[in-house]
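Marked as active site by Swiss-Prot: Arg172, Glu292. The active site, proton donor feature in Swiss-Prot is assigned to Ser222; the stated evidence is sequence analysis. According to Swiss-Prot, the feature domain 'FAD-binding PCMH-type' maps to 28-193, an assignment based on sequence analysis.
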Amino acid sequence: MIKETDLENIPDLLIKFNEPLSNYTYTKVGGPADILAFPATIEALTELSAKAKATDTPVTVLGNASNLIVRDGGIRGVVILLEKLDSVKVAGYTIEAQAGAKLKEVTQVAQANSLTGFEFACGIPGSIGGAVFMNAGAYGGEIYQVLVSCKVMDAAGNVSVLSASEMQFGYRHSVIRDKNLIVLSAKFELQAGDPTQIQNEMDRLNFLRESKQPLEYPSCGSVFKRPVGHFAGQLIQEAKLQGQRIGGVEVSKKHAGFMVNVADGNATDYEKLIALVIEKVKENSGVTLEPEVRIIGEK
């Protein structure tokens with residue numbers, strides 16, 4: 001296991017020990033990380049990864065911790081948050097953003113540069129790295145539609161660039177997930193557009209989001225993938241599960257596809273409620289819901 005002394009001389013690296021991950025997740029749940037690291041440069045990330053590998057220390061990389069549940073026992077080893085790697089560069093019709101850049105900010109950069117095609121992501125509460133990891137999408141748009149290439153690092157510290165076809169995108173899936181790669185940055189190809197029209201479309205999508213989703217409570221976003229031929233929220237409604245509560249977590253009364261932390265809930269509450277919803281929806285409709293949210297850590 002990596003020691004504190006192994007990390008002291010890595011420049012541009014902020015370290016916290018036994019840090020509650022509930023301070024960083026959108027659900028406001030999650031036990032402690034043994035070591036929580038915030039690299040501010042690719043070099044710091046590379047050196048940290050190399051030292052973790054040399055000491056057989058497990059590494060977990062989190063995006064913006066939005067579509068994520070960290071269990072109450074926390075995460076052993078090193079947890080890396082990439083929020084300090086957040087640069088965004090524009091060249092012509094191309095935007096290149098580091099993994100820690102927030103989707104909302106990248107869409108604002110696109111609008112300011114009269115670039116259209118990224119509006120669908122304006123309200124997704126995630127980072128570029130997390131969005132690429134799971135091929136995030138909303139309102140008919142998905143990351144795969146605009147991504148050109150992605151710079152990644154493997155567990156050995158090797159950096160490579162994957163083309164869009166090499167990313168093997170699927171519904172809420174990419175090769176990043178399969179091969180345990182770290183997204184460093186992503187390049188997107190957009191089109192020329194009118195900045196006023198782009199802003200109007202973003203305003204429209206944000207209004208839809210705010211009117212239909214329970215943004216006033218901590219949540220992990222959409223809990224379940226969309227089953228073929230159905231909508232998860234509708235199936236949950238039909239099973240009369242809206243308002244169903246376990247501990248401090250309940251199925252949102254505003255949008256059945258969300259589970260909200262209404263009263264200091266924990267990850268165990270989330271997992272129990274997810275299991276209950278899967279069971280009851282299966283009984284009612286015959287459809288087996290599959291979680292979209294990523295659940296990690298120790299119980």
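Note: Cβ is positioned from N, Cα and C throughout, glycine not excepted.
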Between Glu292 (active site) and the residue listed as 'active site, proton donor', the C-alpha gap once rounded to whole angstrom: 7
Rounded Cα-Cα span from Ser222 (active site, proton donor) to Arg172 (active site), Å: 11
CB contacts for the residue listed as 'active site, proton donor' [other CB atoms within 10 A, all chains]: 20
All-chain count of other Cβ atoms within 10 Å of Glu292 (active site): 19
All-chain count of other Cβ atoms within 10 Å of Arg172 (active site): 21
